[in-house]
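Chemist: Have a look at this one before I ask anything.
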Amino acid sequence: MESAAGEEGKAAPSLPLATLIGRELRGGGSERPLVRYGHFGFAKRGEDYFLVKPDCLRVPGDPSSAFSVFAVFDGHNGVSAAVFSKEHLLEHVMSAVPQGIGRDDWLQALPRALVAGFVKTDIDFQRKGEASGTTATLVVVDGFTVTVASVGDSRCILDTQGGVISLLTVDHRLEENVEERERVTASGGEVSRLNLCGGQEVGPLRCWPGGLCLSRSIGDTDVGEFIVPIPHVKQVKLSNAGGRLIIASDGIWDALSSEAAAQACRGLPAELAAKLVVKQALKTSGLKDDTTCVVVDIIPSDHSSTPPSLSPKKNQNKLRSLLFGRRSHSSVGKLGNKSASFDSVEELFEEGSAMLDERLGRNFPSKANSSPSRCAICQVDQAPFEDLVTDNGGGCCSAPSTPWVGPYLCSDCRKKKDAMEGKRSSRSTACR
């Protein structure tokens, strides 16, 4: 790299101290991290699916706009909803983000685009008239920024180099989520266990009609409208030390705690880590359900591709265990000695409301915006000033020249919104 000091007869220009400090702080994250991943699973019913797209581009042909996407879909009552979501969810999310915006605006727009994409996927699948459903956990990695959207109970955790484990999803199981139980009953659903002859209750809490154990999913046309596809969304920025994501179906999490899953695979490369997590779950509980695990390592570009959490000797112990079926008690990695400031995770956004107008905005567009607007769900262009729901709160997501005041909801999709919120039936009102 050439510098002004290397040119004879020219003095380096003086810069304010604040500018130099700012450059130094930004410089630590200027190089994009390496993303390494692995996946593994065993099938019992064959209803788990996953998605791995490590080389996506926001702007075709522009490598600086690269991002990666990883997802797990745990289907139930058949595979149709899981397959449909795997094939269409990312497309619908990206179509809800306008072209031509910069990276900062894209990251700000992403949480709302994820909501719109999940709902669009649900509406399109319900048009097929099939009764299956699926969980969905979609993870977008852009540099050191991680955005996770989820419905159901396919959990995603973050394990940092300092050994701190963070949960990036919320389980939408009625048995464990009090807020979701209250929402379902307030919307007209009944929450109870299965009743055997004689009135004995068995099994986990379920919502009726339908008997689903989850309060949020994609699909499930045969259950009440209070089962919604609106995801919990969380966005975090990792420190320059990076971290490891573990995304898995409940076949893993019913057997292992978040801590056990993270500790089971520390120090191994992602592909072997995913295999070891699945093996540990099977060792703990047996093959009771489909088990799928995706491990994603976000690694500083100046580090090796293996997370430096364990010494080489302990790595060898883990590898022997994986290959030969035995694991030393000493193979569990010790927490690193990184300082909290070096390994901190900054929370940028978190929202889990099931109310669409809270997630996409509830105001009308300003009259200054005279261009046609596109419904965030059905992706149909609307005439100016047509009945829309939008966020017009100061253009938090803006293109370089004019503010972007979307996403919008057309009147048909607002009917679907009202139905999901328990205000009316939507059997004939899904957007066309």
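Positions of Cβ are set from backbone N, Cα and C atoms, glycine also.
Below are the features listed in Swiss-Prot for this protein:
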type    : residues              : note
DOMAIN  : 27-298                : domain 'PPM-type phosphatase'
BINDING : Asp74, Gly75          : Mn(2+) 1 binding site
BINDING : Asp74, Asp250, Asp289 : Mn(2+) 2 binding site
Chemist: How long is the line from the C-alpha of Gly75 (Mn(2+) 1 binding site) to the C-alpha of Asp250 (Mn(2+) 2 binding site), rounded to the nearest angstrom?
Modeler: 11
Chemist: Quick check: with Asp74, Asp250, Asp289 left out, which same-chain residues have Cβ atoms within 8 Å of the centroid of the Mn(2+) 2 site Cβ atoms?
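Modeler: Here the nearby residues are Asp48, Thr135, Asp153, Ser154, Ser249, Gly251, Ile252, Trp253, Asp254, Asp290, Thr291.
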Chemist: What three-state secondary structure does DSSP assign to Gly75 (Mn(2+) 1 binding site)?
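Modeler: Where Gly75 (Mn(2+) 1 binding site) sits, the three-state DSSP reduction gives strand.
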Chemist: What is the pLDDT of the domain 'PPM-type phosphatase' (27-298) when averaged and given as a whole number?
Modeler: 94
Chemist: Expressed to the nearest Å, what is the distance separating Asp250 (Mn(2+) 2 binding site) and Asp74 (Mn(2+) 1 binding site) at their Cα atoms?
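Modeler: Distance (Cα to Cα, whole Å): 8 Å.
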Chemist: What are the non-local neighbours of Asp74 (Mn(2+) 1 binding site), defined as same-chain residues 6+ apart in sequence with CB under 8 A from its CB?
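Modeler: When sequence neighbours closer than 6 are ignored, Asp74 (Mn(2+) 1 binding site) has Glu47, Asp48, Ala82, Thr134, Thr135, Gly152, Asp153, Ser154, Ser249, Asp250, Gly251, Asp290, Thr292 within Cβ distance under 8 Å.
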Chemist: Using a 10 Å radius around its CB, how many other CB atoms surround Asp250 (Mn(2+) 2 binding site)?
Modeler: 23
Chemist: For Asp289 (Mn(2+) 2 binding site), which of the three DSSP-derived states applies: helix, strand, or coil?
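Modeler: Its secondary structure by DSSP: coil.
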Chemist: Looking at the binding-site residues Gly75, Asp289, which one has the fewest other Cβ atoms within 10 Å of its own Cβ?
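Modeler: Each of the binding-site residues Gly75, Asp289 was scored by Cβ atoms within 10 Å; lowest is Asp289.
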